[in-house]
Every structure is written in structure tokens, then in C-alpha cells.
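Visitor: Handing you this structure, nothing more for now.
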């Protein structure tokens with residue numbers, strides 16, 4: 001009887017991972033806050049290169065800063081495995097680019113991941129498989145989902161299927177669109193579920209995480225598709241931060257028409273593109289064309305953000321506060 005119950009739970013979990021379009025709402029995870037009601041975490045993206053292109057150096061500094069800040073978890077903004085994702089759940093790249101690289105004691109916490117475009121070039125379902133969590137219990141990856149920490153709520157969004165170019169001009173690349181097609185239905189459901197979840201959220205701070213940029217002066221630049229479909233939902237629902245990777249840089253852009261801040265942390269390994277685009281200096285708070293990562297500390301009334309390079313130098317700091325009355 002007990003074994004049958006366990007089997008049913010496992011089957012339900014598989015259905016959630018493999019057939020997200022059939023679900024009525026985003027899957028929700030709970031992450032406890034500290035005793036003082038705060039959370040602290042790191043953000044890194046575009047990293048999985050078996051330790052090369054300074055990935056190991058970034059990981060080393062993440063471990064040092066993670067210990068200093070007593071982080072609770074890590075957010076990964078996608079492109080977890082280069083160049084073409086994983087070949088399957090037994091691909092040694094999982095250990096070579098993740099488990100064997102992020103070895104510091106402070107990084108042995110939950111890693112909340114999203115898929116990037118390079119991840120879709122391989123077996124996308126492999127990264128969603130519970131088998132990877134059996135290999136390394138830090139690994140948490142779904143297409144779109146929610147992580148609630150009481151003080152802040154994180155909404156992870158699968159942005160790759162929004163990008164037209166991967167469907168119309170894929171070049172020599174093959175993308176794993178299983179369970180994404182028909183595309184229009186999938187995107188419609190993602191947007192509807194996200195909008196509904198954001199409207200129902202009573203979190204002090206709302207943070208949306210995706211791989212692709214909404215606003216960026218980097219190599220790839222701003223995503224027109226996300227600007228049309230995703231940005232209005234974030235603005236309408238008073239989202240505080242959008243975290244992304246895709247551009248291999250560190251970047252902070254503010255909004256001229258809302259409190260929304262755009263934070264790029266895509267410097268987990270290969271960087272130095274050298275082709276920054278012009279951006280309104282009133283909005284561009286910080287841009288760094290090299291490797292590094294970001295740290296965030298959040299309480300009910302304040303947020304602190306820091307960007308670090310591979311030597312542990314603080315490149316940029318920013319903070320914001322809210323009156324307690326405004327978030328009750």
C-alpha cells in the first residue's frame with residue numbers, strides 16, 4: 001500500500017515536469033526565511049563550461065562571498081550547460097560543470113534554475129528530471145514555477161519559447177520543443193498563470209527570473225518579444241526586480257516609468273564580448289563586460305544588491321527600501 005502511494009506521488013511529479021501545459025497553475029515551492037525574517041542569495045548565469053573560461057574562478061569567489069553573507073540559496077538564470085545542453089540524465093557534463101565546480105560549503109544549498117536557449121539545444125527534459133536531484137540534491141529546475149520565501153516571492157519564467165528566432169531562423173541548431181508545442185497555447189498559458197500568480201501574491205517583494213533580457217545594452221540586447229508580452233505583466237503587477245542572464249555581462253538598468261529594476265547576471269563563465277550598446281545614462285546604473293555574479297539580501301523593508309568580479313571586488317552596490325505600511 002505504501003509503495004503504491006509512493007509510486008502515485010512519483011507519477012504525479014513526472015506529469016508536472018513533463019506536461020506543464022496541462023497544469024492549471026505554476027508549481028509552488030516554499031523556502032524558509034531566517035529567524036530574523038531575512039534571506040540572502042547569489043545570482044549567476046551562463047556558466048556550464050566544465051570549469052573553463054573562468055567558471056572555476058567565479059565559483060571560488062561565489063563560495064567566499066556566500067560564506068560571508070551566509071546565503072540561503074543560489075538562483076541560476078539559465079544556459080546551465082554549454083554548448084548544447086545535456087545529452088541526457090547520464091551526461092557527465094552535469095557533474096563536470098555543476099557538482100565538481102561549485103564545491104564550496106556555502107554553495108551546498110538549493111540551486112533554483114531556469115532553462116536557457118543553450119539548454120534547449122540538448123535534452124531539455126533531462127534538466128527537469130528528478131534523477132538529477134538524486135545525483136545532486138541541490139538541483140531544482142522546472143520550466144516555470146514559484147519559490148515563496150515569505151519575505152519575497154520568486155517567479156521563474158521559461159523565456160526561451162518566447163523568442164521567435166529559435167523557431168524561424170534556428171541556423172544549424174536543433175531545439176528540444178517537446179511539451180512546448182503548440183507554441184501559442186504554451187505561451188498563452190505561461191503568461192496567464194504568471195499574471196494570476198502575481199496578482200494573488202501578497203509578498204513584500206516580487207522578483208521575476210528568466211533567462212532572456214527584457215532590457216540590456218549587451219551583445220544580445222533587449223528582447224522585443226519579452227518587451228511586448230512579459231514586461232506589461234510585470235509593470236501592472238508591481239514587480240520589483242527582473243533577474244536574467246543571456247548577455248554575458250553584469251548589468252543594472254532602472255525604469256524611467258516604474259520602480260522595476262532590470263538586473264543581468266550572465267557572467268558565470270565566458271564573457272568579454274566588447275560590444276556594449278548605448279543606453280540612456282539616466283537608466284543605466286552599471287555595466288561590466290566581464291565575469292562575475294550578483295548577491296542580494298532582503299528584509300521586509302530593504303533590499304541590498306552587490307555585483308562581484310572574479311577577484312571578489314565589489315563593482316556596484318545599490319539598495320532600496322519600502323515603508324512597512326506600504327507592504328502590509
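Just so you know, glycine gets a Cβ as well, placed from its N, Cα and C.
Annotations for this protein, taken from TrEMBL, read as follows:
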type    : residues          : note
BINDING : 46, 79, 82, 248   : Fe cation 1 binding site
BINDING : 79, 117, 211, 246 : Fe cation 2 binding site
DOMAIN  : 40-249            : domain 'Calcineurin-like phosphoesterase'
SIGNAL  : 1-24              : signal peptide
Visitor: I'd like to know which of these binding-site residues, 211, 246, 248, is least surrounded, judged by other CB atoms within 10 A.
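Guide: So among 211, 246, 248, the binding-site residues given, the one with the fewest Cβ atoms within 10 Å is 248.
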Visitor: Going by Cα-Cα distance, which of the binding-site residues (117, 211, 246) sits nearest to residue 46 (Fe cation 1 binding site)?
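Guide: In terms of Cα distance, residue 46 (Fe cation 1 binding site) lies closest to 246.
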Visitor: When the Cα of residue 82 (Fe cation 1 binding site) is compared with the Cα of each of the binding-site residues 117, 211, 246, which one is closest?
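Guide: Of all the candidates listed, 117 is nearest in space.
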Visitor: Give, as a single whole number between 0 and 100, the mean pLDDT over the domain 'Calcineurin-like phosphoesterase' (40-249).
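Guide: So the average pLDDT across the domain 'Calcineurin-like phosphoesterase' (40-249) works out to 98.
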Visitor: Could you measure between residue 246 (Fe cation 2 binding site) and residue 79 (Fe cation 1 binding site) for me? Cα positions, answer in whole angstrom.
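Guide: Residue 246 (Fe cation 2 binding site) to residue 79 (Fe cation 1 binding site), Cα-Cα distance: 7 Å.
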Visitor: Take the C-alpha atoms of residue 79 (Fe cation 1 binding site) and residue 117 (Fe cation 2 binding site) and report the distance between them in angstrom, rounded.
Guide: 6
Visitor: List, in sequence order, the same-chain residues at least six positions removed whose CB sits under 8 Å from that of residue 117 (Fe cation 2 binding site)?
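Guide: Listed in sequence order: 78, 79, 160, 163, 166, 175, 211, 212, 246.
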Visitor: Which residues, in sequence order, are found in the same chain with Cβ within 8 Å of the centroid defined by the Cβ atoms of 46, 79, 82, 248 at the Fe cation 1 site, excluding those residues themselves?
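Guide: My list of surrounding residues reads 45, 47, 48, 49, 116, 118, 245, 246, 266, 268, 269, 270.
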Visitor: Tell me, how many other CB atoms lie within 10 A of the CB of residue 82 (Fe cation 1 binding site), whichever protein chain they belong to?
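Guide: Residue 82 (Fe cation 1 binding site) is surrounded by 23 other Cβ atoms within 10 Å.
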Visitor: For the recorded Fe cation 2 site formed by 79, 117, 211, 246, name the remaining residues of the chain with Cβ within 8 Å of the site's Cβ center, in chain order.
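Guide: So the extra residues in range turn out to be 45, 46, 77, 78, 115, 116, 118, 119, 159, 160, 212, 245, 266.
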